[in-house]
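Novice: I am attaching a structure below and will ask some questions about it afterwards.
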Amino acid sequence: MISVCELLRMVDLEIMASQVTTASTINSLPLLPYYRSASLILVGNLKSLSAALKSSSRMESDSPIEINENSYQVHDFIWHSSSQRSVSSIQSIQSKTSRGHSVKEVSYGELGSKGVRHGSMGAESEAFSASYKEINDDDARLIYINDPEKTNEKFEFAGNSIRTGKYSILTFFPRNLFEQFHRVAYIYFLVIAILNQLPQLAVFGRGASIMPLAFVLLVTAIKDAYEDYRRHRSDKIENGRLAWVLVNEQFRQIRWKDIRVGEIIKVSLNETLPCDMVLLSTSDTTGVAYVQTTNLDGESNLKTRYAKQETQMKNLEDKKISGLIKCEKPNRNIYGFQANMDIDGKHISLGPSNIILRGCELKNTDWAIGVAVYAGRETKAMLNNSGAPSKRSRLETHMNREIIFLSIFLVVLCMIVSVCHGLWLGRHKDELELMQFYRKKDYSETEIEDYSYFGVGMEIFIVFLMSVIVFQIMIPISLYISMELVRVGQAFFMIRDNQMYDEASKSRFQCRALNINEDLGQIKYVFSDKTGTLTENKMEFQCASIGGVDHSRGEDSIEDERTGYPDQGDGHVLQPKMKVKVDQELLNLSKRKHTDEGKYVHDFFIALAACNTIVPLTVETSDPAVKWIDYQGESPDEQALVYAAAAYGFMLIERTSGHIVIDIQGKRQKFNVLGLHEFDSDRKRMSVILGCPDKTVKVFIKGADTSMFSIIDRSLNLNMLKATEAHLHAYSSKGLRTLVVGMRELSSSEFEQWQSSYETASTALMGRASLLRKVANNIEHHLSILGASGIEDKLQQGVPEAIESLRTAGIKVWVLTGDKQETAISIGYSSKLLTNQMTQIVINNNSTECCRKSLQDALAMCKNLTTDSDATSGGSGTGGNQLALIIDGTSLVYVLDTELEQQLFELARRCTVVLCCRVAPLQKAGIVALMKKRTDDMTLAIGDGANDVSMIQMADVGIGISGQEGRQAVMASDFAMGQFRFLVPLLLVHGHWNYQRMSYMILYNFYRNAVFVLVLFWYVLFTSFTLTTAITDWSSVLYSVLYTSVPTIVVGILDKHLSRTSLLKYPQLYGAGQRQESYNGKLFWATMLDTLWQSIAAFFIPLLAYWRSDVDGSSIGDLWTLGAVIMVNVHLAMDVTRWYWITHAAIWGSIIATFICVMVIDLLSFLAGYWAFFHIAKTELFWLCLLGITIGALVPRFVVKVFVERLRPNDIQIVREAEKFRSSRESQIEMNQIFDPSRR
Amino acid sequence: MSSGDGSSYSSSKISKKPRYSRFTQQELPACKPILTPGLVITILISLAIIFIPIGLSSLSASQNVVEVVDRYDDVCVPLKPSNSVEQNDERIGFIQDVKTNKTCIRTFIVPKKMKHPIFVYYQLDNFYQNHRRYVKSRSDHQLWSPKDERNTKLCEPEAVNSDNKPIVPCGLIAWSLFNDTYSFSINNTPLTINKKGIAWTSDRTKKFGPNVYPKNFQTGGLIGGAKLNESIPLSEQEDLIVWMRTAALPSFRKLYGKIETDLEANEKITVVIQNNYNTYSFNGRKKLVISTATWIGGKNDFLGKMYITVGATSLFLAVIFLLLYVIKPRPLGDPTYLSWNRNPTFQY
């Protein structure tokens, strides 16, 4: 680092004269505006957020009021337009202004319910007008610097100890129970258990009736307790970490948990921040601190934070510092902070760039001192510590419908029983008194009265309740638990799938939402982001058009050997970290500075090197003589440009407050950064005003072509302009991302005028952002064009193949991108999304009427096409008449949320491919919502950036790509993975399996519970409807939790009807899920019919076999229990398609376990059924009954299964057969493995 | 977040490649059964092969059982059978009157030779021994241990007598103990009926205590059935033990005793019945059953018929399936049968 004095000396005195008088005024920190690319103009994304963080107070004037809400408001816009929590809407903006600092959180749910206009782009500009407001005292938190006692007088601020654990040992049971009973199913359980405790209703023994609930609660509690234990353990470690805190004017080490708000904390290099603190000073003289926010948002690049100059200058250890910080109440917005600081009589305003958050790591800075403002659970990191949003799977929604049927069925059964009981009582009214088995009267008392008889009406009611208790498992509550377990198991396999492991980013597949695994098997629409999702988001500088000359890399391009222009300044050779291929011709040209062409090239590369927000860092290498320059920046485009500039000999070496150093062809030159207009989505460009070494002042601008061509002076060099335009078109047709670079030299009067208005604007209290924008617009005009750059964003590996597979699988892939139409189309071609056979419909309008017309035309055309093809080729959809719809964001504004939506939907449904370009984040969500609202088809959104968050949350399944752009998308997603192509194994293989497994499991669980209930019901008909059960209480309780539960879970996790190879070979098989083949109403009713038959077989075979014999209730009860359990398990065994040893163990083990349990129950002499099993098992009749039940019950199912498979085989069945009998190579190998004993 | 966030696994925690194992890759060796025509026919035919012989043999076993059933409740009252309410009340009055002579003599001819052991049952119809009020009304603790004499909570309304002394054995089941008696004779020679060993050994040794003696039994206002000899412990009262193992169904038999000698065909058996038990109050029927037993149990054709039906059905299905296979063969795993190959216009 160059010292501040040196720095000052280099500042051009002529310009900065008024400001260099005191050192304290130098706070002209580098403005690091965000500029991502021309093509993502409408997209406020995460990078902009961080850029906003970086941009600090720009100029320090004499005025003590320093205002930096400029950046804050830029942030606001971005926050509202792109962040997941504040999905931008006018409502949210309004509430923002009305509530001052508080962050309005618009949740996903609100988005859906309030009918937010997705098409609205007005919201963005509204955000800019959100004016700066002083923080109300009511809403503020007052922090007295270095005076924690006074700060926290009312004990209202949290200490720094964190507790992510939900429970303590004392509160565990009440709280955990309370939380568990939030589920309706558990309430049902509880009500039944309570009913059973009433003496009149006690059907089951006390213990037996509580057991299912207790079991479920216990399992969940153990799971929760274990998770909580892990959290407690990590909390303890976290709380016990040490930090340096200023105590009695001396820094002492105290534990994190003892840090209080208001205390002054010192953090050293590579240490983690213990709490959110406002920076007071850093080891850097200019007050810069670099932090890494990997823990917070996953971004690994360094971010800059600044200490205020007023506090930076203080020596904190010697002089007791005091002051007051007034800041907003704790909130979740990690990219926003608003505060004022009163220190030494000065009123300073603080922004997001002055605060470092808990969890960040200090980098490249020896130490930083700050005052704790939020501690413990009130830190932004902790407030953001919430899980993924929960969605409910389609299958589960359908399942709930069937559960309602089952409930009705349950009520009907209970009504039958109670009404029959009433009739029976009525018929035997006169006999009840003497009936030996009823004995209505109690004679033991002197006064003879009714014993336990409350009249027919009451008896009916009691019997009704009792029958609910007996038949309770008709509602398969264990199913919910089983489903959770199965999903955990499925997630285990998905996470551990080697084929979904990304070597490049070393990231495994992540399941963030555990309840929509099976939705992956039913996807019909995939909405994909382009940049970073289809492409790698690793930008590579490909070509440039400089001064109207195209410098596309030809065949003669050479690899830059990094010998380019080494810097020998301090004995080291500096090399850029990344290699860039250079064009030899251009390289030569860049060295000829004095030709006209050379001049353009020179300025062009200066613009690339200077007009950005990149921070160069030197990195040691293994070779002591060589140091690498690593360009840290948020935008891959800018990185690519700077690396390119470096390769051509314009190496950005240093960026500090107020100046940058560029090594030009081996010669270091210093440029003063006089001003910087950040990127914003209105202007779609950024500009930097440089004081050049030759004492000229130049403004360099780079931006999107649309915005740049409007401000370029067309009178200057029309031919060059035309040539550049042509080149730009060529570049974007090749799929390159383009940027236009322009420049203008400022006259001194012009500069002074700009400077004064810039100062006024940046110190304005109201509407500063718009003022600054106006200032920028005033200076950004009459540019002379320097050229344009083309950056390639490479397609990710395997993307075309993946898209091909998805399309064969019947999934429609839509690409929603912020890129230009040409770029989008060319990427469409290269990713095989678009083919030459397709008819393209382009909608590109800017009024409602135009949109209406083009939509109508398009619809008419596509109807024509389909009817034509129907007439000619019998509607061969795979033929040449596929349609591709290309629509841009501007048109969508007029379409979404209007009556045209329906037309768009009609049109889009007919198209094989839809490309939406230039769409804003909210429009992405709007498009997803469009399809979701109007079809029942499942939607999946995949993206990697913050701009995809709203779309990811809107879709039924959201997938985040953990790539270059931070973790916002991942945090909002349900699943996260490293590459787009993993979508294929995820959907076609795991999704397919999960769907099929889960569907089968749900149907099977309905069956297994209903069959048992029906067996109980049939018996009730033989007990004068009094709900005696021959099956013991314990068996009826254990039936659903032990006797039959394990196999279904195992099969739900492990069974797969097709191998991975086949599923990938025939993507069409995915259609089974889309058509809901494995779970639908028809299958449900068929299953129920089967259930009815099986229950009849299981009940009546023993009944008739033991009719009029001396069999006792317990013995035949055991027979019924075992018969039902064996039948149910063999039923499952019949449907298992793959027998692993685990499956064998589970199914046969369950049957054996049932036998053991029945024996154990019959060994308890205090139960009625003592020894019954051993008694009845001695007879042959018992075993014949068991065999008879199993076969008799299952023969119909077997026959139907066989005939369906034979006569109307579905695709899955055929491929299964092919897998086994058509000896393909893969299956051969598989077979060999199976029969190779050494590998078992 | 810097602290452990249990809800989500950050990628930094598990950044390494998942270790390969056949389990995690779901590639465990597996058997993949497919219902090929051959397999299906084999299964169906083997079902037939198993089921038909078993069915035939159990049917023949059931046919070999010799069973004599004699309903006596309606003939052993002096009144002619009629359904009028008054007559029924008279019957009830007859059966409730302790003083009347309820002896009733029945004779029947042995239809076939009956080999010993011959089981003598009484059969009650329409008697809900599985009624909820009834099955609960007992105290297993009291039956087993003299200490638990007062453990009669479940026995209401037959828990204590009017002096508030506990009834042993308490409860409706014991109270309603069957009390008809039968004495058999052939040609005026008495036929001994062995009433020992009719109850389950397990019940005698573990449920009914050897030290528990009947107390205050059948002393209440309403007599439900038999009285018990108070000097014999419960474990020896086998009729009670048999009775207290409640039947599964409203129509049931209970073992009365065993005849240990063979009975020849056409022998005339005379039974002297003490018709004490009141089934008239609920339209119950009483039957005396004498039956031999085979491996299949008593006389019951159902199981045999069911097995034969299942076997025959399987055979029939096997034939149908064979025909189907011959008439309409479909090669297994032929990709031309896949829906998208079969029907090229098929669109997703």
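Glycine is treated like the rest: Cβ placed from N, Cα and C.
Copied straight from TrEMBL:
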| type | residues | note |
| --- | --- | --- |
| ACT_SITE | A:D529 | active site, 4-aspartylphosphate intermediate |
| BINDING | A:D529, A:K530, A:T531, A:E638, A:F679, A:K702, A:R737, A:T817, A:G818, A:D819, A:R918, A:K924, A:N947, A:D948 | ATP binding site |
| BINDING | A:D529, A:T531, A:D944, A:D948 | Mg(2+) binding site |
| DOMAIN | A:143-209 | domain 'P-type ATPase N-terminal' |
| DOMAIN | A:970-1210 | domain 'P-type ATPase C-terminal' |
| TRANSMEM | A:208-226 | transmembrane segment |
| TRANSMEM | A:403-425 | transmembrane segment |
| TRANSMEM | A:460-481 | transmembrane segment |
| TRANSMEM | A:1006-1031 | transmembrane segment |
| TRANSMEM | A:1037-1054 | transmembrane segment |
| TRANSMEM | A:1083-1107 | transmembrane segment |
| TRANSMEM | A:1119-1141 | transmembrane segment |
| TRANSMEM | A:1148-1174 | transmembrane segment |
| TRANSMEM | A:1180-1200 | transmembrane segment |
Novice: Take the transmembrane segment (A:1148-1174) and find every residue of the same chain, 6 or more past its ends, with a Cβ under 8 Å from one of its Cβ atoms.
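Specialist: Beyond its ends, the transmembrane segment (A:1148-1174) has Cβ neighbours at 1032, 1034-1035, 1038, 1042-1044, 1046-1047, 1112-1115, 1117-1118, 1121-1122, 1125-1126, 1129.
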Novice: Taking every residue in the domain 'P-type ATPase N-terminal' (A:143-209), what is their average pLDDT?
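Specialist: Computed over the domain 'P-type ATPase N-terminal' (A:143-209), the mean pLDDT is 79 on the 0 to 100 scale.
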Novice: Same chain, outside the transmembrane segment (A:1037-1054) by at least 6, Cβ under 8 Å from its Cβ: which residues?
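Specialist: Same-chain contacts beyond the flanks: 204, 208-209, 211-212, 215, 473, 476-478, 482-483, 485-486, 489-490, 492-493, 997-998, 1000-1001, 1004-1005, 1008-1009, 1012, 1121, 1124-1125, 1128-1129, 1132-1133, 1135-1136, 1138, 1140, 1142-1143, 1146-1147, 1149-1150, 1153-1154, 1157.
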Novice: Using a threshold of three or more Cβ pairs below 8 Å, and leaving out pairs closer than 6 in sequence, do the transmembrane segment (A:460-481) and the transmembrane segment (A:1119-1141) count as in contact?
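Specialist: No; fewer than 3 Cβ pairs under 8 Å.
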Novice: Please tell me whether the transmembrane segment (A:403-425) and the transmembrane segment (A:1006-1031) touch - that is, whether there are at least 3 C-beta pairs under 8 Å between them, with each pair 6 or more apart in sequence.
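Specialist: Answer yes: the transmembrane segment (A:403-425) meets the transmembrane segment (A:1006-1031) with 3 or more Cβ pairs below 8 Å.
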Novice: Using DSSP, what's the helix, strand and coil tally for the domain 'P-type ATPase N-terminal' (A:143-209)?
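Specialist: Taking the domain 'P-type ATPase N-terminal' (A:143-209) as a whole: 34 helix, 2 strand, 31 coil.
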Novice: By the DSSP assignment reduced to helix, strand and coil, which category contains A:G818 (ATP binding site)?
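Specialist: Looking at the DSSP assignment, A:G818 (ATP binding site) belongs to neither helix nor strand, so coil.
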Novice: Need one number for the ATP-binding residues A:D529, A:K530, A:T531, A:E638, A:F679, A:K702, A:R737, A:T817, A:G818, A:D819, A:R918, A:K924, A:N947, A:D948: the maximum pairwise CA distance in Å, whole number please.
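Specialist: Binding-site diameter by Cα atoms for ATP: 27 Å.
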Novice: Counting across all protein chains shown, how many other Cβ atoms sit within 10 Å of the Cβ of A:D529 (active site, 4-aspartylphosphate intermediate)?
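Specialist: That number is 30.
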Novice: Which residues of the same chain, at least 6 positions away in sequence, have a Cβ lying under 8 Å from the Cβ of A:D948 (Mg(2+) binding site)?
Specialist: A:D529, A:T533, A:P921, A:K924, A:A941, A:I942, A:G960, A:A969
Novice: What does the structure give for the C-alpha distance between A:D944 (Mg(2+) binding site) and A:R918 (ATP binding site)? Integer Å is fine.
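Specialist: A:R918 (ATP binding site) has its Cα 17 Å from the Cα of A:D944 (Mg(2+) binding site).
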Novice: Count the other Cβ atoms sitting within 10 Å of the Cβ of A:T531 (ATP binding site), across every protein chain shown.
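Specialist: Cβ-Cβ neighbours of A:T531 (ATP binding site) within 10 Å number 32.
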Novice: Run through the Cβ atoms and count how many others sit within 10 Å of the one on A:F679 (ATP binding site).
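Specialist: Summing over all protein chains shown, A:F679 (ATP binding site) has 29 other Cβ atoms within 10 Å.
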